[in-house]
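**Student:** A single structure is presented below for examination.
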Amino acid sequence: MPSEAPESLVQALAQILHEHDSLVAGDKVLDGSRILTLLTPCLQVVTRLFEQLFPRGPGTGFQALPAHPADSVPILRAQFMLDMLQKTPSLKLVHPAECPRQFDVNIFPFKSLRSLELRCLPPHCLRGLRSVYSQLEVLICYRCVSSLEEVISLCGGDLSSALPWLELHTLDFSYNTLKDLDSSLELLNSLKISDLSHNQITECGSYLKVLSELQYLNLGYNYLTAVPELSIGTTAKLHSLILRHNQLSSTCGLEHLPNLQHLDLSYNLLLEHSKLSSLTRLHNLKQLFLEGNPFFFQKDYRALTAQHLSPKAFDKLLLDGSLLSGSEIMNAQMFGEKVRLQPSSSATESSCTGDLTDSYSAAEKSAPRLLRKKSRVKVRTASISERSDSEYEQRGQPVVLQHQRDIERTDSFREQFGVDWLQYRSHLESELDPDYVNSSHTSPPRASPSPTNPNTDLKHTSPSPAPECPRPPSPKTSVITPDNELMEKVEEGLEEHLWGLQEAKKTSEEEGLIGEALCSPVVVCPVLNGQPRNPDWPWVFLRITHHFLLEMDPERGRILLKRELHSLRGIQKSSAPWNCNGEEQELPLLTLSFESVCEEKQTVNYVVLDNSPESSVTILLDLLHPMLERNLREKAESQDDLTRMQCLKCKTEFRHEVDRGDICNPESIQQRKDPTAKGLHRNHTGDASCPSCGSLHIILATLNSIGEVSTPLRPVSTEPPQDNYVGGGQATTSFYLSDEEDSSEADSSPNTAPSEAERTVFYSFDTEGQDQQLAMDTGRSSLTGSYKYTALSQSGILPQDGWQISPGTTQTLDFRLVDHRLKLYIDMEVLDGDMEEFRCCMKVPVVCFGKALEFWALVAVSNQKIYFLEITGEIRGNPGDWLQPAESQSLTLLTHLHVGLQEQSLHLGFDSCGGAYTLLTRNQHHCRVFTKQILEILSELPARYHSNLQQSSEESITPHHRLWPFIHDKLGMAESNSPPEFLYVLLFFLREDVVSPNADSSCVNTDSQLPLVNTASPAALTQGARAASPVSLLITRTHMYLLEEDHQWLPDTRTNELPDNMQMKEKQPISNISSVHLIKSASLHLRIHLYNETQQNESAWLLWTEDPEKPREIVEWLREPWEAEYHIHFNPVIHDT
């Protein structure tokens, strides 16, 4: 709650809205280009003040304050504020977490409201919605709604019955706790866009049918098991449907959406491609997402998917983000031909050929077999005809016409069988068999299997599954011709051959499984909800093998269903009343629990109907109990290894209770359906939360005390490590997001970098103020991985390809990019302000005024402060182990932002209560980009905070400058205050007194001692700068200077007599240069060989820069004065390595 008086708060708001230079300027708010965002305590103070100023209470329509002295500035600003609120079209209300939930907020001043967004504000706390609901066009509620009725029908805290919302076209109720829809949607006649994602909706019912104008519907991240029902008007207008992360096992219902263009079914329970048969009618489909479904991991996933799509959508369809290739379309057509060539079995055959996986059972629905093209009504001519008729037909068949018919028949044959038509040439050349033709005329056409009633023909058939999406038959009438007869003959031959092979293979597999049975068949009745699962044929044989539980057809001995016993999670024996031949009996009931993604397959009940049911149950239990104990033991061992978690906020380590371990418990199933036990801020995606603080930011636990990880280790590679960095260093461990299937494993091998198929996730902040997640991926297109450990070798600072902290070795320089581990640490441990958001960060050596030495620091910038986090050790493991918060300064106190000499550093100065800092970037491009991003962040602040900022993009040289004595040309013909040209570079230096005869020898002087401070980057360390010391290189037209500076800096407004902070380390005339050496493999390194004729000694300057362009720039600076001295070409020596 703000501590200011209501009047002062209103004055401050009015001043903010009146400043046109501010990002929240009044004109931008009024024209709708900006959204007015207010905290609920602030709005409460403002509305209560206005209520006091209206003695008779607020009325309807636009209002003005009662008459007051015209020269009263507070009253004028209050009137301005009231006018602004009455004309504001877009409002966003944010309810802070520390405020009580019983907190009334009135929006009566907003008379022209068109868009309203509520964040974390309970609807019952909102007043005044009934006066504006009829004109609202956009309504957004985030983490505050538990039912639609309390907002749409009751108008929040007004508790009044609402009429239709006439103008509302966009409704966003995502990230809430909605469990069901209700009839309040009937009031949204004009709704076009609806986002109900990230809720707990299990069923939509028929409530969405009233939305006849709906064009976009997002129901992702819910618990839907079926496609929602829509009205006829909606089916014609809907173009985008998002159903990702649900529990859909079928697409039935999508065939009624002919104009659908964008469809997202990712991460559902679609087990087979046949479930996509409803997509064949979506001719306008442009984008389809199916990743994460069980069939997504099949080898020919894209081709099998394409065969169920409309051919009209092939050219323009994006499947999982990429266009279908020509080969995939061709493979899809080939798969389609194979499906059409498979014969249709009779009802008797289909009843015994259930799916041999645990995905389907005999009583479950399955997709119908595709109809053959030849299944059509045959219209025959009369078998007895007049002689004159036949003679006339024969006379009307000239030779030319017969030849033409042969050609057409050949072309039709080639079109039917494609490139393989020559294999069936014998069928084309052979004469048609008259007996076969006659028999084919009298035989009925084949049809797809259909449900049969076993009571009518119990001896020949058993129940068969009903088709999932029945379609009305549309027979095509055509006259039988010899061409059609030939096609039918060839097709029937192929069908018989293919069907025979499949039947033989299936029979052999079933015989192998039955031969492994551990017990005799037991007669049981599968029960579902207290009733037989298949009332027409209730009993089956139950058999157990080493790996499967088999349900078999008692008539023909065929396998109807099989379940894998390694997923068995529970056994329960009880009794159930059963009616046998009119007598009520108590029979044993065996309940088995399995681990499955489909809820209906998690539990199966069998009533034992054997002659001796008790002994049969005992035999089954004796076989199943050892298997159950083995499964539970393996599960416990895997949980011990894989589920030890750590909270990034409170550092608590705990073991995560995996949902699948509780599948056998009905309470756990109900708890999974209702994950709101811990409030509105629950993660709806199923992630775990910390039991201590409730935080969702958890990771796999780090290394334990003996150096082992909590996950199984891969075997250490026997290949020698490939370390690209000079020097030793212990292997350190970091974790990142991986796409590999074995993502829970840990890599204990040192010096192992992530493979190309793996990725690290970064977070960045865009200019609009929204968090974006950027995946730097070189292998795959989707993020489906998990946390994973890997080891990297380093020295001093972790190589940039391990943690990706800018500036690094990535292709693009963007200080907004930050590793996801570091982003979590900064959000949890560093940022402490209200509504404070991360913006950018930079790893850079920093010099703080008053401290002698520079140190590695992570400079993190938020929308409120700048944090200087000292890097105290190797970058690995928990960021809290190698990051120490040093100092922080408010952005509102920043008074000076100056770029150092020749963009080698950046100076930040704060007011009298703050400090002064120098960022030694040693790179012009890094300094320029980071300065630009700081200025962008400062532009978000109100104008009064950055209007007094003193900024300079270049450091000027005056006679009082510290470098003036070195760069001033005393031999110049005229005195001038403008200095001559010079080159100034911050780099790392190492001297060699004796030059090795081999110019390619190592750059490191083994006799040199490691300096106390070495802030060289990993790239410079790799190229030999480990023993170098930081210096400043100054090159004039005659000399080269090596200067030691402490880089202490104070703003001009606080200039004092600073002690001498610079001394000359060495000076060499350019004429002493004997040669200059560049190395292609070390772009940051430069060797300058020197020879002093007076002292007759040789030496070398070994230089390392942080900018790969600087070595060549130094060479070009030395070229002109050296050639002017010796009048010969100055050619550097370039080495490969």
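Going from the start of the chain as shown, residues are counted 1 onward.
Just so it is clear, glycine is given a Cβ too, placed from its N, Cα and C backbone atoms.
Since the structure is predicted, the reported quantities are computational estimates derived from the model, not experimental observations.
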**Student:** Can you check which of 179-205, 233-259, 341-367, 638-664 Swiss-Prot lists as region 'Disordered'?
**Tutor:** 341-367
**Student:** So which range, 711-731, 732-752, 1047-1067, gets flagged region 'Disordered' in Swiss-Prot?
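**Tutor:** Checking Swiss-Prot against the ranges 711-731, 732-752, 1047-1067, the region 'Disordered' one is 711-731.
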**Student:** Using DSSP, break the repeat 'LRR 3' (167-188) down into helix, strand and coil residues and give each count.
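**Tutor:** Residue counts for the repeat 'LRR 3' (167-188) by secondary structure: 5 helix, 4 strand, 13 coil.
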**Student:** Please list, for the repeat 'LRR 2' (135-155), how many residues fall into helix, strand and coil according to DSSP.
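**Tutor:** Its residues divide into 5 helix, 5 strand, 11 coil.
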**Student:** In the same chain, which residue numbers or ranges, 6 or more beyond the ends of the repeat 'LRR 2' (135-155), come under 8 angstroms Cβ to Cβ?
**Tutor:** 90, 95, 112-124, 129, 161-162, 165-182, 184-185, 187-188, 680-681
**Student:** Give me the DSSP three-state residue breakdown of the repeat 'LRR 1' (112-133), ordered helix, strand, coil.
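**Tutor:** Its residues divide into 7 helix, 7 strand, 8 coil.
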